[in-house]
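**Student:** Pasting the feature list from Swiss-Prot:
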type     : residues    : note
DISULFID : Cys3-Cys11  : disulfide bond
DISULFID : Cys6-Cys16  : disulfide bond
DISULFID : Cys10-Cys21 : disulfide bond
Amino acid sequence: DQCTYCGIYCCPPKFCTSSGCRSP
């Protein structure tokens, strides 16, 4: 997978923002 970490893990299709995970 291509999960990214920004305080919590976000996996596609979600993505990291300054406030955490966000849906597309």
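Numbering starts at 1 and runs along the chain as it is shown here.
Just so it is clear, glycine is given a Cβ too, placed from its N, Cα and C backbone atoms.
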**Student:** Which of the three DSSP states, helix, strand or coil, fits Cys3 (disulfide bond)?
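**Tutor:** DSSP call for Cys3 (disulfide bond): coil, neither helix nor strand.
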**Student:** Any same-chain residues 6+ apart from Cys21 (disulfide bond) with CB under 8 Å of its CB? Would you list them in sequence order, or say none?
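**Tutor:** Set apart from Cys21 (disulfide bond) by at least 6 residues yet with Cβ under 8 Å, we have Cys6, Ile8, Cys10, Lys14, Phe15.
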**Student:** For Cys11 (disulfide bond), just count the other CB atoms lying within 10 A of its CB, please.
**Tutor:** 11
**Student:** In the structure shown, which of the disulfide-bonded residues Cys3, Cys10, Cys16 has the fewest Cβ neighbours within 10 Å?
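**Tutor:** Taking Cys3, Cys10, Cys16 as the disulfide-bonded residues, the minimal 10 Å Cβ count falls on Cys3.
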**Student:** Counting across all protein chains present, how many other Cβ atoms fall within 10 Å of the Cβ of Cys6 (disulfide bond)?
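**Tutor:** Cys6 (disulfide bond): 14 neighbouring Cβ atoms within 10 Å.
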**Student:** Would you identify the secondary structure of Cys11 (disulfide bond) according to DSSP, in three states?
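**Tutor:** Where Cys11 (disulfide bond) sits, the three-state DSSP reduction gives coil.
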**Student:** Calculate the distance in Å between the alpha carbons (Cα) of Cys3 (disulfide bond) and Cys16 (disulfide bond), and round it to a whole number.
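**Tutor:** The separation of the Cα atoms works out to 9 Å.
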